[in-house]
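The block underneath contains the structure these notes are about, expressed in structure tokens.
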Amino acid sequence: MLELFFEYIFPLIIIALKVVAITIPLILCVAYLTYAERRVIGLMQLRRGPNVVGPFGLLQPIADAVKLLFKEPIIPTNSDKILFILAPMITFILSLIGWAVIPFAKGVVLADINVGVLYILAISSLSVYGIIIAGWASNSKYAFLGAIRSSAQMISYEVSMGLVIITVLLTTGTLNLSEIIEVQRTMPWWIDLMLLPMGVVFFISVLAETNRLPFDLPEAESELVAGYNVEYSSMGFALFFLGEYANMILVSAMTTTFFLGGYLPPFNISWLDCIPGFFWFVFKVGFLLFCFLWIRATLPRYRYDQLMRLGWKVFLPLTLFWVVLVSSVLVYTDNLPSI
């Protein structure tokens, strides 16, 4: 009996504990990312931001959570009630399960699979389904228009993201995220320099993927009265909100893994190796999240035609050209990795 426990049940308990160890801190990070956003934007606009609930306003996310928890969930009369309830759950769950393959430090990853890149691309692509279902199930023209915009926007920028990741795969020769980080430890500086423009394109593309300014067309308040989640209240709205910010942290972690060396120190200096890799990972993700907030505070929203033109007429040709350029340079310099 004891052998059966250690062979079948104990591994499941360990996996469950790992999931809890990732999920609970992530939800806390999402809650306080909203606080950080309001404080940072407040400072940039010469005001104080939240400062009443608790010392320095630190209890504001808890107050917001309690408020949303006790609000009445209102379901529109002519909506598809089952899909209306499922849509925010789908969005929130997909924003969490992408973390299964992200390496936080050397050996610290929930599932170190050989096709981690394909897994995370698939999960990031599926997140649009929650938004489309919400727009259709709400039976509202504003919500439906926001959902259509979101699907068109994500399809447009998913292509560029995929091509950018191909350039990373060409230089690293693996689909395993932990191995991609370790390859960057010994990667020549000129390859890093060659991938830098693709890192910028990738970051702009994930801005569009997460529907953040200047690409927040699916939830444009001035045009669509909040877009796809206009009919949601209470925990439905809260789950969409949590899903959006969890996706922000996830794509920042993806950018860190692909282009910033993940948990590796930023410079190849011996004493920097004494600092735990988890610290460097959190520092890099935090920097990218600050860039998200900085962009929101400073840039206006794109027009829809400008958004589509940037995706199809600028990023798509540029990333295609860069894939050819990177592969040609790697073949010419005999640096193409063996797979």
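All residue numbers here begin at 1 and follow the chain in the order shown.
Using the three backbone atoms N, Cα and C, a Cβ is placed for every residue, glycine included.
Copied from Swiss-Prot, the annotated features are:
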- 9-29: transmembrane segment (TRANSMEM)
- 50-70: transmembrane segment (TRANSMEM)
- 82-102: transmembrane segment (TRANSMEM)
- 115-135: transmembrane segment (TRANSMEM)
- 161-181: transmembrane segment (TRANSMEM)
- 187-207: transmembrane segment (TRANSMEM)
- 235-255: transmembrane segment (TRANSMEM)
- 275-295: transmembrane segment (TRANSMEM)
- 311-331: transmembrane segment (TRANSMEM)
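The recorded stretches the transmembrane segment (9-29) and the transmembrane segment (235-255) share 3+ CB pairs below 8 A when only pairs 6 or more apart in sequence are counted, and are therefore in contact. Fewer than three CB pairs closer than 8 A are found between the transmembrane segment (50-70) and the transmembrane segment (161-181), and contact between the two stretches is not assigned (pairs 6 or more residues apart).
When each of the listed stretches 161-181, 187-207, 235-255 is scored by C-beta pairs under 8 angstroms to the transmembrane segment (82-102), 235-255 comes out highest. Sequence-distant contacts of the transmembrane segment (161-181) (same chain, six or more residues past either end, CB-CB distance under 8 Å): 101-103, 106-107, 109, 112-118, 120-121, 124, 187, 191, 194-195, 198, 201-202, 205-206, 209, 257-259, 261-264, 316, 319-320, 322-323, 326-327, 330, 335-339. Between the transmembrane segment (115-135) and the stretches 187-207, 235-255, 275-295, it is 235-255 that has the most C-beta pairs under 8 angstroms.
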